[in-house]
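The region 'Unknown' annotation in Swiss-Prot covers 1-164. The transmembrane segment annotation in Swiss-Prot covers 4-24, 67-87, 95-115, 160-180, 184-204, 236-256, 257-277, 282-304, 308-330, 357-377, 378-398, 413-433 (among others), and the record cites sequence analysis as its basis. The annotation region 'Protoheme IX prenyltransferase' is assigned in Swiss-Prot to 165-430.
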Amino acid sequence: MQRFTGLVTATTLATYLLVVLGVATELTGGVSPAAVAHYVTAGAVWLLLVAAAALAWRDSRLPRVKWGVTAAAVAYPAQAAVGMAVLASGGPGQLHLFGGVGVFALLLITLTWHLDREVEPRERAAATAFNREGDGDDSVLLYRLPDGLRRYVELTKPRLMWLLCLLALSGMALATVTGAALDGVTIAATLFGGVLAVGAAGTFNHVYERDRDRRMNRTADRPVATDAVGVGRATAFGVGLLVVSMAVLVWLVNPLAAALTAVAVVYYAVVYTVVLKPTTTWNTVIGGGAGALPAVIGWAAVAGSIGLPALLLAAVVFCWTPAHFYNLAIAYRDDYARGDYPMLPVVAGVAATRRRILYWLGATLLVAGALGAVAGFGPVYALTSAVVGFGFLWTVVVQFRTESDRDAYRSFHASNAYLGALLVAILVETMVI
């Protein structure tokens, strides 16, 4: 059964790689490295599909898994024939592309069915919630700071900053496709203003959630929860960060970037923290818009407008957020229950949450492929998304096998690695190649 799991997982990701390489082939035209890789991958996917279908009928106990893999194996040569017809006629390849996306989606759904119903758990004893002490915002470097300074730095949630800054930087790099030029002042001011805004939003979150934080092991040592920093001082600190952020962005960047940054702060500090997080299981999904906005902010800082590639990059992050955060929610579900937060694993259970992780990961990969098509990215972006995406997907597959909360935490880190690598690939495609 483990062999079948690995085979279907590999086939699913190979199909995704085939799709993004197909997009790159369409963009480059002719006999390019992307085209050669696409044709080689197409043959490999066909062999994997045949093997997966044969193994499904031999080993799988669930009829819909058998028929799902079989349907993909039947649909694949049909969409390949469409691709050959497009190649011969020189016509548009949208139907071929949609066929490939359909096969990928079918395989992902089939993999989810298989994992949910047929994979035997190996570590049920490890299914108790994984509780680490502390908030997760601290580090060895942070603890070297004087106590007073360290507490205020903790308020800003510094571990959120690197990925959000990388996202904004990728948005700025994407904007160069419009012909806009990057300059050092714009880059530095956008990132500095963004860091201050992230710090302000994090501080407001600490202030509002202080009572619930005291109930949770993970957050009980936060500065406001422990009264190490008073509510009034923390609020004033957050307001000060926001004011300086707005001044920097308006003065050194442009009003649109400043306005979008203000929207992001309100989205996180009010819409997510106050309205969504304590009231609905959809808090993570809808709240993902706050983390997606830096992509648009970065583009606006350079181009002075909002463009489709920036919106697609934001959509990648929006879809990635549930696939990312649900892993943490699984690992700390007992803690969230103590804090009276209706996180999905608390309300719907771990199995349902893992299914959602797979579906949102699939959506992330597809939107990332659409971004590559619109922005005209090549094999570097395609291979990065597929290879690191495979690593992310495999950690989720392992969760189904072990039901270990430590593996959920590993998936959380793998999701960070996926987005970070994807953003670096965007920088390489736009600034180097």
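Using the three backbone atoms N, Cα and C, a Cβ is placed for every residue, glycine included.
Summarising model confidence by region, the region 'Unknown' (1-164) averages a pLDDT of 78. Among the listed stretches 236-256, 257-277, 282-304, 308-330, 378-398, the one sharing the most Cβ pairs under 8 Å with the transmembrane segment (184-204) is 236-256. When Cβ distances are compared across the two stretches, the transmembrane segment (282-304) makes contact with the transmembrane segment (236-256), since 3 or more pairs at least 6 residues apart fall below 8 angstroms. Counting only same-chain residues 6+ beyond the ends of the transmembrane segment (160-180), those with a CB under 8 A from a CB of the stretch are 186-187, 190-191, 194-195, 198-199, 202, 291, 294-299, 301-304, 307, 309-310, 313, 317, 375-376, 416, 419-420, 423-424, 426-427, 430-431. Just going by CB pairs under 8 A, the stretch in 67-87, 95-115, 236-256, 357-377, 413-433 that sits most against the transmembrane segment (4-24) is 95-115.
The transmembrane segment (413-433) shares the most Cβ pairs under 8 Å with 378-398, out of the stretches 67-87, 308-330, 378-398. Counting residues 6+ beyond its ends, the transmembrane segment (378-398) has Cβ neighbours under 8 Å at 5, 9-10, 12-14, 16-17, 20-21, 23-24, 27-28, 33-34, 37, 111, 115, 323, 327, 354, 357-358, 361, 365, 368-369, 372, 407, 410-411, 414-415, 417-418, 421-422, 424-426, 428-429, 433 in the same chain.
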